[in-house]
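Visitor: The NADP(+) binding site feature in Swiss-Prot is assigned to G165, R166, S167, S190, I231.
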Amino acid sequence: MSLKLDGKKLSLEIEKRLNDYISNNKIIAKRVPGLAVIRIGEDPASGVYVNNKEKACSRIGIKSFIFHLDESVEQKEVEQLIIKLNSDKDIDGMLLQLPIPKKFDEQKLISHINPSKDVDGLNEINIGKLVKNEPGMRSCTPAGIINLLRSQNITIEGKKIVVIGRSLLVGKPLSLMLLNLNGTVTMTHSKTLNLNKVCREADILIAAAGKPNLIDSSFVKEGAVIIDVGIHRLKSSDKNQTRLCGDVLLEDVISKVFAYTPVPGGVGPMTVTMLLVNTIFSWQKQFGLSSTLNDLLP
């Protein structure tokens, strides 16, 4: 039977440890950690994600600051808000909820976030630190994936790992993080020739293509580990209902794989948990708190 990499279960276990960590250190710091989330416009999915982050913060004792801006706001006004939050001593972490309306220069806004508060790990300073394998904020989804693998003692070093997707949010930082852990990494994308043949070489296959049910059994070798980053809402046979699925056609591959992540309940919960970890990491550094935070992770 294939091993289910249960991100929801692991995230709750880590959240309990994070809650204890905050409780044990907030008297020394004289405040709890603070996370600022900037949302622009009315994208429905963004509303759900921001709500999930706010709830997660509440569960473990992080104070959240939600700034919901109208789409009519100007680029300069958002930049000024970010600069103001950079100097706010009650805020340890900050993120710009993506996607944002196309009229904004996304990367310029992110570049204004203080690297020590950049809990999404998207500021060019943190990306540069990742490339150089120096300590810094790491992107949440890649970090969540690595901790999922570690939680089940799945070895990265020396393994052939294929990453499908080259986004700045997942594919690129994940490939670098795996490379830094001595994985043998192949990054693929929509223009890769013979994609299924390349994927069949993988000991660990990570699907972040953004295409529902792309990966079937022809992409997967016997005994592989498969990580599904995709999440899509499709119409079910009952036209009034929808269902969630990933990039992987799970029912077609499950008999071949050693381990897999479900959708939902796999990578998604761990992404939010690593956001909490990054926020607490920034808080910890600011106050010189106990450096046992890494001991709370797999």
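Heads up, the Cβ atoms here are built off N, Cα and C, so glycines get one too.
Have a look at these and tell me how they're positioned relative to everything else.
Guide: Sequence-distant neighbours of I231 (NADP(+) binding site) (same chain, 6+ apart, CB under 8 A from its CB) are L244, C245, G246, V263, P264, G268. Under DSSP, I231 (NADP(+) binding site) is assigned to coil, being neither helix nor strand in the three-state scheme.
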Visitor: Within a 10 Å radius of its Cβ, which of these binding-site residues (S167, S190) has the fewest neighbouring Cβ atoms?
Guide: S190
